[in-house]
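**Student:** Following this message is one structure expressed as structure tokens.
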Amino acid sequence: MDESQLATPVSAPKRKRLSLVWLMPVLAVVVAVAVVAKNYAEKGPLISVSFQAASGIEKGQTVVRFRDLQVGIVEDMSFAPGLTAIEAHIRLDKKIADYVDESAEFWLVEPRVSARGVSGLNTVLSGVYIQGNWDATPGEKVQHFVARKTPPLVTHGDNGSVVVLRSRGDTQLSNGAPVMFNGIEVGRLGEPKLSDTGSTVTVEAFIEAPHDQRLTTNTRFWDISGISLNVGAGGLSVDVESLAALVEGGISFGTMVAGGDAVLPGHVFDIYDTEEHARENVFDGDSAENLRLSVLLDNHQGGLTVGGNVRFQGAKVGEVTDLNGYVDPETRKVKLLVEFAVSPSKLGLGDDSALHMDGLKSRVANGLRARLASEGLLGQTVVLELVDFDDVAPAELVTNVTDLPLVPSGESNLKDASQTVDGLIGRINSLPIEELMNSAIGTLDGITAFVASPEAREIPANANGLLVDTREVIASGATRKAIQDLQTAASDVQALVGRIESSTGLDTFLGALERSDSIMTNIDAFSGKLPAIADDMEQITAQLAALQLQELVSDASAAVAALSDVVTDPSLKTVGPDAAASMASLQQILADLEQSGLVAELSAAATNADGLLLDLRSATADVPTLVNDASAVVASIKDLPIETVVQSLDRLLNRGEAVLSAPGIEDIPVALRNTLVELETSLTALREGGVVDSLNATLKSAQSTMEAIETATVQVPDVVARLNRVAGALEQTIAGYGPESRLNRDAQNAINEVARAAEAFRSLARTIERNPNSLITGR
Amino acid sequence: MDRAGQQQSLTTAREAGMVGCTYCGLLLPMDQAHCPRCGAGLQSRDDQSLQKVWAWLLAGLIAYVPANLYPMLRTTQMFHTTESTIVGGVSDLIHHHAYGIAFIVFFASVVIPIGKFIVIAYLAYLMSRPHKSDPHRLHLLYEVVEFIGRWSMIDVFVVAILTALVQFDVLATINPGIAAVCFALSVVFTMLSAQSFDSRLIWDRLEKGSFHG
């Protein structure tokens, strides 16, 4: 070779050596292999999850999270065979791969805006992610999963209980709606599911620990969704439990009665419409233990509804749960298949659920039948009734025809009810309601007319007038003047007597007594006649006593009002002059006597007069009796039952009040007015009437008596001496009528009584005046 | 061949028993192992040149694989992270109708490195066996490869500059991917490979006139 001839550098022998540079590719390979090996070693398993749609899942981007920690990533997306789903191929972390077993579930977390807030907001920018959920025990690996459409109700790690709620279907529930307890959210609802028949909706509810400890068999759930509007006496109240409950629907629960048993997970509760309804049904027992039965009815006339009551011997034992048509395969007749649930304990089937069916079978064999019946006053509600018939064709509980055990049906009880209703309505129709109403209207009209009548309004005025009149009478100057006049009259009489006393007649009389002894004999002879005179005098005094003073005083007291007229009567004034005249004549008589020498006789007679005087005194002893009598009369006047009268008047008024509320009341005002008018007229009559006249007459007769006395003194001068004595006695008598006299006091008392009575009447009148309707309503 | 005929009359240093120092250019007699001026080792021909070329080339190739498989850039925009490889980035640019930039990136990151691999491998292959290629053209090829090889680093520079500039946290962040390091390594290895090639080998064939017989 040419190369061997060429000069080579000294280092030429190194030619066969391997260059150190070869280490570089070796190193690179080693590093690469190491990296690849490490990657491979760390690589978790590949699983696939089926989704309905990709909806934002990107390969290489979308991650899988468990408790918000990334545990995998979507490596690839593909279609499932037949394009039925999207398969997301997910590379899991090796650390977590062992736990992804059968319990694992996956769902897509997307931004979600609901009434309860915004969730998954972080996914708005970062994109969706797949949430994984599995339990904490490793299990056999599963390659393929189907994603959930919604997040599961309970994720592993949530502490609490899951129960099943059953609703009749009219409650608006949605997934994730809150479960409240006393206004606090303690749980949430899962996805509502329709039952196979479509009549009920079941929904799982998750109650967080520790609130799930509150759940017992006595717990009741009720619907709180929507707005509760309540109009009552307290006003309008609008209740919204929570905004979330308003939109999504919500459930609240409460344990109404203590002492229930703890519930197992999956316990079925019913959802009631309202809390009240839930409370009403708290003793209904556990619906989960209810026997579910059915009955075929062929004469259904409508009215039975789902939720209707099932009754046994009048008590509610269950509810109708479903109504369906059923075609009898033999007769091709359409019947109504009623499914219902009853509480076995209320049917008397005992507590042991294993024996319920056997017990029911024997009950059916003994004549238990289901039939339609009506309830309510008018039979408007149709219920299913379980009845024990005594004589009925034998039948048994059929279990193989329908889904639920079939209870044989009995004769419907609806007809009787409708007949009863007819009868009741007929009876109501025949009630004389219109007449009743008319008379009621008439009565009310009458009352209204009475109350509004002018007569009724005039009553107080009339009463007032009457009282004013009475007051006028009593307080009039005439009455006062009458008393004054009486006093004047008395003083006149006194003066008269004084004149008689101070007249010279007495001295002359004494002188005459000294002088005329001779006369005494005559007088002695005359005195023989004196007893007769004394008797006459006695008779006079007796007559005086017998004089109808009582009547007079009663008349006077009755005619107090007319007294003024009496006193002012001119005839009374004539009495004075008459008396004066009679005195003058008396004086003249005495002068005559002096002249006549009769005085001597008189003097003589006077000596003998002691016995006569004794007689006279004994005669005049009757005068105090007379005065006593008069005072008795006055006392009797005093005792006159004026108070009683007033009380009776009061009673009368009370009775009048009572009468006012009695029928025939319209006539009363007129009658009362008439009465008042009559009362007025009678008072007027009292003022002007015969009583005064009679008093006048009496006084006139007294005057005539005086005149008679005058004539007597003219005709019988002898009497004068005795008349003198009589006058003294008379003075005494009249002194009895003096200001300090008892009679006067009594009379004043009587007048005071009258005044008090009038005062009482006036106060009554004032009361009526102030409060006229007290006449009607009472004080 | 005209040129070959002309050059046949030229005398090489080796024929004259001389060796040139590759560092300072001093021409020395062949019996010395070290350059007395600069102290560098003297070799008339680097008998390990091809070995080194192959070794660096292999290392560069190995590094080039992850450089293309792994993402070059990690772009985070509003929580959204995009990882793009070299080819992915080019297709993205084309997708966004940035054809010029796409061409530059594609040329610098794909055409040049791969061209370099091929050219170096071709040269090294030719040197180890008889060939009839024109040494002038081979030399030109070698010159071009050596010159243009450094431009492959433009990609790495772009990544480095972007990474330094675009750091706005959530809004936008660009981070280099593992491929950037691999690519840089790959470029460095291929440059070393080109440097290891002793271009004097090209002309030895001419001296021997092997293709003339």
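Using N, Cα and C of the backbone, Cβ positions are placed for all residues, glycine too.
OK, TrEMBL features for this one:
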type	residues	note
TRANSMEM	B:53-73	transmembrane segment
TRANSMEM	B:98-126	transmembrane segment
TRANSMEM	B:147-168	transmembrane segment
TRANSMEM	B:174-192	transmembrane segment
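Help me understand the surroundings of these features in the structure.
**Tutor:** Among residues of the same chain six or more beyond the transmembrane segment (B:53-73), those with a C-beta under 8 A of the stretch's C-beta atoms are 82-89, 113, 117, 120-121, 123-124, 155, 159, 162, 174-180, 182-183, 185-190, 192-194, 196-197.
Beyond its flanks by at least six residues, the transmembrane segment (B:98-126) meets 50, 53-54, 57, 60-61, 64, 86-87, 89-90, 133, 138, 141-142, 144-145, 148-149, 151-152, 154-155, 158, 183, 186-187, 190, 193-194, 197, 202 of its own chain at Cβ-Cβ distances under 8 Å.
For the transmembrane segment (B:147-168), the residues of the chain that approach it from at least six positions outside its boundaries are 72-73, 86, 104-105, 108-109, 112-113, 116, 174-176, 180, 183-184, 187, 190-191, 194, judged by C-beta separation under 8 angstroms.
Same-chain neighbours of the transmembrane segment (B:174-192): 52, 56-57, 59-61, 63-76, 83, 85-86, 109, 113, 116-117, 120, 149-150, 152-153, 155-156, 159-160, 162-163, 165-167, counting only residues six or more beyond its ends whose CB sits under 8 Å from a CB of the stretch.
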